[in-house]
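The structure appears right after this line, and notes come after that.
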Amino acid sequence: MSNPLRAAIVGSTGYGGVELIRLLQHHPQVEITSVISSSSAGTPITEGFPHLHSIMTDNLDAVDIPLIQSKADVVFLATPSGVSVKLAPQFLDAGLKVIDLSGDYRLKSGEAYKTWYKHDPAEERYLQQAVYGLAEIYGTQVKGQPFISNPGCYPTATLLALWPAVERGWIDPASIIIDAKSGVSGAGRGQSLTVHYSEINENFRAYKVNKHQHIPEIEQVLSDAAGKPVNVTFTTHLVPMTRGIMTTIYGVQSEARTDQDWVRAYEEYYAGKKFVRIRPAGQWPATKEVTGSNYCDIGFAADARTGRITIISVIDNVVKGAAGQAIQNLNLMMGWDEALGLHMAPVYP
Ligand SMILES: NC(=O)C1=CN([C@@H]2O[C@H](COP(=O)(O)OP(=O)(O)OC[C@H]3O[C@@H](n4cnc5c(N)ncnc54)[C@H](OP(=O)(O)O)[C@@H]3O)[C@@H](O)[C@H]2O)C=CC1
Ligand SMILES: CC(=O)N[C@@H](CCC(=O)OP(=O)(O)O)C(=O)O
């Protein structure tokens, strides 16, 4: 094997970062050379994450650009929104490749970013440089690029389910309603009342209704698919489980089609894409069927009575929705097989 690519992870004490550590253990071309924390530098990562004993025992590095420049070729930013705005340009200017897991570079409009994320946007030239890495759709644009913006978790599940239908004109884009549910790890490791055990256990709540920051990301991509502006209704819910996202999507069909028509069209569209699995007619995916894996599973129910189509998709938010897709993007960036290091089967039960 040639020298491995040296990877640094900023935010390695968060759920996205620690999942990158887990997954990169199985990557044949990558070695993690720096795990970084802005609040716990100098302490061993095993102090906060005992499950890493004998797997990753390094001390956490500080967010020190020259140090990381000397230790790594690529840096994953698994940092909260607003942080990557400042960090990504510094790493890019230092000559590192950057894969950003936050929402800071997904929207091409800085104004829209400010409206939805409530932070000042990144500088225009960096916003324009970032390639949006929805791997199955824009993968060919990722190869050779130094700066990838990894999609949001909900947008990944939603857009893989909707892109073929919108691009082919099989669904009226104005009719789209996305009902999305996430496990609590989607909110990150930080504490808050909404993810407090006694608030979420045996509970089910909607949140950020019509205000979710993933709405403009979904609309940006669907507008690209449709070739005209698209607005969607998108409602998120918190489910008392750790991992997993399910989107249940409703739309009006442009003409009557059967479940089998939908299955065939999607199988054709995603032929050769290892991480999208289309369910046979009459079968719909459940979150547990993708847990721990990089798969997005999609099922259909066409309703001849109402003329609507229901599309259901599931992902593991921490894998396909974050760390897994980030590694898939690294593979595409480097011109490697997109599945390197990502061959794991779902954990079941
Ligand atoms: N969880 C999920 O399912 C998904 C998350 N994402 C996105 O990925 C990113 C990471 O998410 P997640 O891992 O869940 O979040 P967490 O809250 O679990 O972790 C974020 C980490 O960022 C670090 N951090 C905070 N402030 C700074 C700073 N100023 N400089 C450097 N590091 C900082 C913190 O570690 P420390 O204090 O040690 O520095 C923290 O551990 C977020 O932008 C999130 O929106 C995207 C898709 C899915
Ligand atoms: C369950 C839960 O709270 N999920 C988070 C997902 C946010 C996320 O991943 O943030 P980005 O905007 O960086 O993608 C949310 O709905 O805000």
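Even glycines carry a Cβ here, placed using N, Cα and C.
Bear in mind that TrEMBL entries carry predicted annotations, made automatically and left uncurated.
Per-class residue totals from DSSP over the domain 'Semialdehyde dehydrogenase NAD-binding' (6-145), listed helix then strand then coil: 56 helix, 25 strand, 59 coil. What TrEMBL lists as domain 'Semialdehyde dehydrogenase NAD-binding' is 6-145.
Listed in sequence order, Ser182, Gly186, Ile245, Ile315, Asn317, Gly321, Ala322 are the same-chain residues six or more apart from Cys153 (active site) with CB atoms under 8 A from its CB. DSSP assigns Cys153 (active site) to a helix in the three-state reduction. The active site annotation in TrEMBL covers Cys153.
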